[in-house]
Amino acid sequence: MVPQGSRAELEFGGPLGAAALLLLLPATMFHLLLVARSGPARLLGPPPYLPELEELWSPWALLLCLTWLGLQATLYLLPARKVAEGQELKDKSRLSYPINGAWGLGPCAELWGWGWSPRPGGEVCGDEPATPISILCLFYAQDVGGSTGSLHTPPPSTPSIAATLCTREVAGVTLRKLKCLTNGSGQGFQALVLTALLVGLGVLAGLPLSALPEMLLPLAFAATLIAFIFSLLLYLKALVAPASALAPGGNSGNPIYDFFLGRELNPRICSFDFKYFCELRPGLIGWVLINLALLMQEAELRGSPSLAMWLVNGFQLLYVGDALWHEEAVLTTMDIIHDGFGFMLAFGDLAWVPFTYSLQAQFLLYHPEPLGLPLASVICLINAVGYYIFRGANSQKNTFRKNPSDPRVADLETISTATGRRLLVSGWWGMVRHPNYLGDLIMALAWSLPCGVSHLLPYFYLLYFTALLVHREARDEQQCLRKYGLAWHAYCRRVPYRIVPYIY
């Protein structure tokens, strides 16, 4: 029985809307996959054909998806960790987040046999000349275990999945009192690099990565099947979860709505947090892998990748790398602190992200677009502006949340709320209420421009992301209004624009 007072207002059109999205989201994904490889490539037109079940189902594709999830889960469970202390909770306690990454990227040097082995203090061993990867390894080890934090070995009583390694304490944010195996600006990025190295070794050994684009349909079908089954198991697990573990929005009592939105906030087994793992690992890194496979297939077909394909791969790799480098920041997002983990997030993380976010690269493989250096330079500038706004705003927000007295944010103007929370009304957050969303939209535009302007299809991501961010911003507004009351009205008067200055 759902406890009284714990239910939130129904979203997405309630049970009927949730039921429609259960069908519409997978259908949209398959529609995009089909039209991207068709001649007309019409976003709004019908697909060129409806695939038979034999074309969608492949046990090898299912095995490949499960192997990919197993690999990312293994990298997630690497024992090196640092600990992030969360903000003060309602009961005045603080949550500790073990964030992997104290060893940095040492394994990459060992894999390539360069003799470089980063140490916690930043020393290296071996007499080999510095290389880009070894320099990255050293820089990474210094960032995670350098002078800004105290290195120590956790006591024997510290819960650990494997052997304990060097750790340091940093600040983080959360809403619930639980031990969450999160992988911060070390291990998430390390997972990306280690995955790249493993894939690179596989390609050198004969792995036909360029054949991956031909398997996108069965792989997407397998990922969708996994998302449905996984969501069902999550729903059943939530039925026996305590009331304190339920998300505010996913316990309506309607099984379809709760299955879609997710009943449990942070479902986990022991210290393995399913939502946090899926949020950044298999889908985002899978997106980069699919992009790379599309680039390699274009090189095979045309002799070399096009400049447009290079730009799309580079821009999106930067975005994914940034997300994993700043992995700790995801602890402050609505997905983690508010939404339950159901089909909406499971399908989005495991299927929607890798197979629709790679749409521009898919389009360029089948519809090559000539791109000159002058226009490419302009597109790079647009992406740089978007990234500068996105990263600057997010870094300022995270710094302020961790320590409002930090010299980098101490002089910024704020408005105090009745709860003691201070809202920024200067700096990046004095420009619009969500400057990070503005940066997202500018980058989304830059990702589409290399595909030209003759087709609407490559701009689907920009259109979708605009709708997503406007909807998310509306949810943010409602939550902040309920939480801060009159202080939020005062904040909105000081910062009148939501995402785009003078427009919205």
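Glycine is no exception: its Cβ is also placed from the backbone N, Cα and C atoms.
Per TrEMBL, transmembrane segment is recorded for 12-36 (among others).
Annotation source TrEMBL lists transmembrane segment at 56-78 (among others).
TrEMBL lists 189-209 (among others) with the feature transmembrane segment.
As annotated by TrEMBL, transmembrane segment applies to 215-236 (among others). Counting only same-chain residues 6+ beyond the ends of the transmembrane segment (215-236), those with a CB under 8 A from a CB of the stretch are 26, 29-30, 33-34, 51, 55-58, 60-62, 64-66, 69, 255, 258-259, 262-264, 267, 274, 290, 341-343, 346-347, 350-351, 354-355, 362.
Beyond the ends of the transmembrane segment (337-359), by six or more residues, the same chain brings 21-22, 25-26, 28-29, 32-33, 36, 69, 173-175, 216, 219-220, 223-224, 226-228, 230-231, 234-235, 238, 246-251, 258-267, 274-275, 278-279, 282-284, 286-287, 289-291, 294, 316, 331, 457-458, 460-461, 464, 479 to within a C-beta distance below 8 angstroms of the stretch. According to TrEMBL, the transmembrane segment annotation covers 337-359 (among others).
Annotation source TrEMBL lists transmembrane segment at 371-390 (among others).
Residues annotated as transmembrane segment in TrEMBL: 441-462 (among others). Outside the transmembrane segment (441-462) by six or more residues, the chain places 32, 35-36, 41-44, 307-309, 311-312, 315-316, 319, 356-357, 359-360, 363-364, 367, 369, 371, 376, 379-380, 382-383, 385-387, 389-390, 469, 499-500 with a CB less than 8 A from a CB of the stretch.
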